């Protein structure tokens, strides 16, 4: 018992206050002791309630073979609400749509065995590892197709146990249902669709790359993907090639290219080229003789998207406008995404060599082939996409090309720039006008409706001829890609406008493919028109850079590394010559009958001789313009891109898959475990 000592104090205010404080202190010290778990008997131990089995209330797990689960679950979710709020459960709810209906409900039920594990007699049972491994083996590549990692909570070693540890099969209920259905219907389940089956939907950049890579894997003997560079925002410019010897140039095998999505908001061409890659792969494997012959005799390069940055902007705008009732807003946004991330129109960004040719028309020895790039071009704004394509064009001996646009229904051919500066819409033919008209007609006639005058649309209507038109006569412009191909290299390129709707509704994509499929194949076959051959000297050595000239056509082609050449010509009789500095000119008369399906073989053997006077004069003229090999002499592009890279955070430019934003929950951690390369 505590007693307060009694003392006598002087009756002062301060003393009274001290006495009161002292008494309060003593009373507190005499209070019953607080509960201290360190002293036995002073307090009752807190009894924690043991987890108990509870009903499975997760709606996506209601069809499991069991009805009881327990929280916290294997992942540590404390209750049903925690489990439903996680990205894991969200993934289970949409996995069927993500994977296109395959591996469902196996993936979902496997996930349920972890999020809502089986509970019996107040004890959690773990699912069998063997079941997980079987599903993983069958379904993991479907996740790879959409650039998604195998979900961490389906890690077979981490969350699943062996048979010896007393596991259960989470697919028990599913297998029972399948047995009943099989007995009832006695039907054989349909075989899985091949990876190259075309799905007529729009594809994001990540999906596009995944499809091209999968096509390469499916047809590894004839297909190969490679990158020609990156866009301004760091997206890959991925090409897929088809050949019986992919990755290598073969002697006398013509090389062709298709380019789509040069304008980011013109999306149909991009989709058709993705479908074309899948079609070439699947038809080759199925034994289609026409496709096999084409691939075995031609090297085909397909770049579905030259402007992936513009595409991203255009698609984002399209999605926003889908929720808008304002027709004017939709019209105003129709050009959004056309240009690249620097707001450069890529089809106005190539060197304007047409003006150079026009300015030299009256000079002796002028020509319209292998025109060097003027040095002043490099001091302008050169887009990385343009630069990558120029290097690509110069590195491969392309013979034929088409680039795909939208906004009209017509095939346009060079020149794109009018020869009269005061008359913008003026017919301005190249020396190879007959060849270009044949190429344009080939695509238009093979197209389902393009050559039909009643099907015409857009600004070319009324001035085009059965679906074809001269570019300068239609709409004069400088810096276009097709003029650059013709004037700088051996490649003949046309521009295919696929229709007035630049991004038609998804349900019309199959129809668009059907309208263009034959034209896409037939046009590639025209790479085998005209003549081809090899130029050698008397000792059998290949002559690189020899000029192949056709009388009355003021446009030459040159021989490639192995002395080979290809010269597109229409049927007729021609006088063809081969020449090179230090050799005498060799000449042959050639007759090309109609309906030839392969190029005529015309070889030349050059004899050593002093250079011809006209050749020497011509070479001096070309030197005054600069040499053909002079490409970006001041490293302007390198300096420019260095500044651009410093001003952009590389991390911001990393491409996220198309499904990423769906799983990023407000206020929650980013589910980086979904990323394949995380």
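The first residue you see is number 1, and the count goes up from there.
Backbone N, Cα and C define each Cβ position, glycine as well.
Listed in TrEMBL for this protein:
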ACT_SITE  497  active site, proton donor/acceptor
DISULFID  132-156  disulfide bond
DOMAIN    48-170  domain 'FZ'
DOMAIN    201-527  domain 'Peptidase M14'
SIGNAL    1-30  signal peptide
Select one residue from 132, 156: among these disulfide-bonded residues, choose the one with the most other Cβ atoms within 10 Å of its Cβ. 132
Across the domain 'Peptidase M14' (201-527), average pLDDT on the 0 to 100 scale: 92
Express the distance between the Cα positions of residue 497 (active site, proton donor/acceptor) and residue 132 (disulfide bond) as a whole number of Å. 50
Please list, for the domain 'FZ' (48-170), how many residues fall into helix, strand and coil according to DSSP. 58 helix, 15 strand, 50 coil
